[in-house]
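To start, the structure itself, in structure tokens.
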Amino acid sequence: MDLPSFISALPKAELHVHLEGCLTPGLARTLAARNNLPLPPSLSALDQTGSSYSFHDLTTFLQVYYPNLSVLQTAHDFADLAISYLTTAHAQNVKHCELFFDPQAHTARGVPFPTVVRGYQAGINTAQRALGISASLIMCFLRDHSAEFAMATLMDSLPFKDVIIGVGLDSDERDNPPSKFAAVFQRAAKEGFLITMHCDIDQPDTLTHIGQAINEIQVDRIDHGTNIIDSPELISTLKQRGIGLTACPISNGIVTDDFKGKEIIELLRQGVRVTVNSDDPAYFRGYLNENMLKLASAADLNVTRKELIHLQRNAFTISWISSWKRNHFLQMLDEFERLTLGSEATQVLNGV
Ligand SMILES: [Zn+2]
């Protein structure tokens, strides 16, 4: 089996994907037409069939990303967005997804909170029925807004605790450390939400932020966070507590000058529960398989197929699912390993 086929066939979990980042230009055009809205500037700049947005760093990415959200107006739109992503994920043999969404990006422009959550959940229900894929929602707060706005959003979410399994923190990290939201996450934990948090790549004070996330906020997971490689002390705490990292190679390579494959694999080899994910796949032009392939095909990393399976074992292990479901997926991986590797478990990929 060649490498792309191996990655395709590998049962996978996606733990770091933003639903708003799954809005393809094609779907955005459809929704703009359905809602009688003008095309957002990024789409106006593409021709009628253009299938990828244009940006070159984090700042220009955010300048395209937020205006595009104006096409999402009704619960039907949010449902279609969830179905669109889950259909692609299912085609890539992704078995379970934990989907970030940013309610404040919608409530701030007048879309009611229940419209967003009910829409996304309806889409998940439809995809689960049609495809059998497992999925759930994680609500993220926008860290470049106030802690008060985050707290108000948390209050809005309380009637939806049965469909939102956890809370996170995303958007622009500069001058917005985890500690800014300590009270919000303390309340979220009290309400029974699991907690994750973006610690973006190569940010100023990143190790301080990772330390706050682990020790002050007491996160259950960290999104990105691979700069932890520079702190043996934080790695040791991470391992002791079994906290996982959700890394995103392709997006790393676009918003910084490196995809951080070396760090991801080094952390894996040190026993950290690191995983591979797609982040904002409609923008970064890579879903989960492409992200796995990016890592696996890097000539200097010598990633083995056993390690690719291990990355997915980590993902199912740190996923927020029932132990019954986790065991089911882990057994699926064991079977895949037995069928594909047999005695070749330590085979080196490059050149194979
Ligand atoms: Zn992200």
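A Cβ is built for glycine as well, from the same backbone N, Cα and C atoms used for every other residue.
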TrEMBL Zn(2+) site partner of H16, H18, H198, selected from D279, D300, D334: D279
Secondary structure at D280 (substrate binding site), reduced by DSSP to three states: coil
Recorded positions listed as H198, H224, least Cβ neighbours within 10 Å: H198
Recorded positions close to ligand 1 - of H224, D279, D280, only those whose C-beta is under 6 Å away: D279
Fewest other Cβ within 10 angstroms of its own Cβ, chosen from the binding-site residues H16, H18: H18
Neighbourhood of D279 (Zn(2+) binding site), C-beta criterion under 8 angstroms, separation at least six: H16, V17, H18, G21, C248, I250, S251
Neighbour tally for D280 (substrate binding site), based on other Cβ positions within 10 Å of its Cβ: 25
H18 (Zn(2+) binding site): secondary structure state under DSSP, collapsed to three categories: strand
